[in-house]
Amino acid sequence: MRDDTRRWIEADKKHCWHPFTPQDAWVAGEPLVLVRGQGAWLWDSEGRRYLDGNSSIWTNIHGHHHPALDAAITRQLDEVAHTSYLGFANPRASELAERLCALFPAGTLERVFFSDDGSTAIECAMKMAIQYRQQTGEPERTGFIAFDQAYHGDTMGAASLGGVSRFHERFRGHGVPVTFVSGMEALRQLPAEAVRGTAAVVIEPLIQGVNEMTPWPAGMLRELRAWCDAHGVHLILDEVMTGFGRTGKMFACQHEEVTPDFLCVAKGLTGGYMPMAATFTSAAVYDAFRGADERAFYYGHSYTANPLGCAVALASLDVFESEKTLHHLQPKIALMGELLAELEATHPRVRAVRQCGFVAGIEVEGVTGAAVCLAARQHGLLTRPIRNTIVLMPPLCTTEEELRLAVHALDLAARE
Ligand code: PMP
């Protein structure tokens with residue numbers, strides 16, 4: 001082991017604390033120190049190369065060290081790294097808001113509120129939904145409905161909407177009251193009083209990511225939109241994972257031509273380069289916050305609309321256009337389907353495969369997901385398990401050749 005690597009690992013084990021990580025097991029292990037990236041590849045501090053099968057943490061949609069994204073940040077550094085958005089505008093935020101809102105049908109989501117990560121984008125939608133009701137004569141509508149096994153982030157409000165027991169059960173009762181339903185049938189059976197007290201329903205459209213990559217039935221999103229309209233309930237779409245091309249379209253809601261009242265994005269917004277998020281809403285919602293001073297939206301953070309984040313988000317939108325990212329993605333989605341179908345049909349330890357666009361969950365049996373991911377490293381693939389489901393979520397720029405390598409590495413790893 002190189003001296004640098006040893007030093008970094010020692011300091012990590014002595015002082016760092018990792019998210020969702022049993023620390024004793026971490027300290028007993030030998031962590032990789034990731035030092036460099038290029039395209040779909042990452043290098044560790046020992047010089048070993050890995051395919052980034054998890055797009056870092058579902059974030060780096062255009063891969064790593066992309067010249068256009070890198071340049072956007074250095075260009076912005078020549079101007080200014082950070083300015084306050086409280087009381088000031090900034091050029092990149094203005095340009096980005098205009099570009100982003102133009103991605104939605106005219107007259108739908110035309111207003112954007114920036115924040116820092118997926119969780120704060122969800123918090124923003126929750127607070128907007130509550131304050132909107134206070135300012136439109138329905139203050140009793142304070143509740144939320146979420147789906148079993150949902151994951152919407154880990155700040156207290158967003159975690160209240162979460163239904164994954166491992167993450168959320170221990171904090172239940174400390175956050176916002178939420179009614180959980182398993183699907184449309186259960187939603188329709190909720191008592192009328194519960195629905196009348198509801199501000200919004202929140203869902204991960206098309207697929208629940210942290211719930212081991214479980215897709216919803218086709219057409220469900222449209223049914224949910226109709227139910228919300230019938231009951232005067234707002235619809236919050238959490239596109240933190242699905243936004244920016246992951247499902248094969250720019251946004252998952254486009255598959256069912258559904259417009260939500262709030263749409264939350266993060267991760268892919270900046271190509272994974274900077275922590276930044278956005279919550280979109282309609283003119284109808286925005287209008288409830290106009291008029292008297294007290295109607296101002298009471299939410300915000302120090303790094304709201306950070307110029308570096310905005311600059312690289314703009315560059316990411318340029319990359320979608322210049323590289324025709326979504327066009328080139330379609331055959332790769334089909335190839336992922338073919339490769340995984342073969343794995344499912346022939347691999348002794350692959351129990352099931354679930355895919356939505358360019359993301360898949362490969363459920364293994366007779367071996368733990370963690371063991372497969374550890375073995376996959378030896379075959380040059382980095383990814384993570386969710387229980388016994390291996391996540392395959394490579395950058396959208398991954399080539400067909402690289403995709404074959406990734407699936408082959410998983411195949412070998414799951415046999416060991
Ligand atoms: N919503 C979804 C659907 C997510 O997948 C995540 C993160 N995995 C979040 C929200 C929270 O995002 P963040 O970790 O950036 O706060």
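Placement of Cβ uses the backbone N, Cα and C atoms for every residue, glycine included.
Please treat TrEMBL annotations as automatic predictions, because they have not gone through curation.
D238 is the residue from D52, D70, D238, D261 that TrEMBL records in the pyridoxal 5'-phosphate site together with G118, S119, H301, S302. Taking the Cα atom of each, R384 (substrate binding site) and S302 (pyridoxal 5'-phosphate binding site) are about 32 angstrom apart.
For K267 (substrate binding site), the nearest of the binding-site residues by C-alpha distance turns out to be G118; the candidates were G118, S119, D238, H301, S302. Under 6 Å, Cβ to nearest atom of ligand 1: this is the test, and of the binding-site residues G118, S119, D238, H301, S302 it is passed by G118, S119, D238. Reported as a whole number, the C-alpha separation between G300 (substrate binding site) and S119 (pyridoxal 5'-phosphate binding site) equals 13 Å. Between the CA atoms of S302 (pyridoxal 5'-phosphate binding site) and Y151 (substrate binding site) there is a gap of 25 Å.
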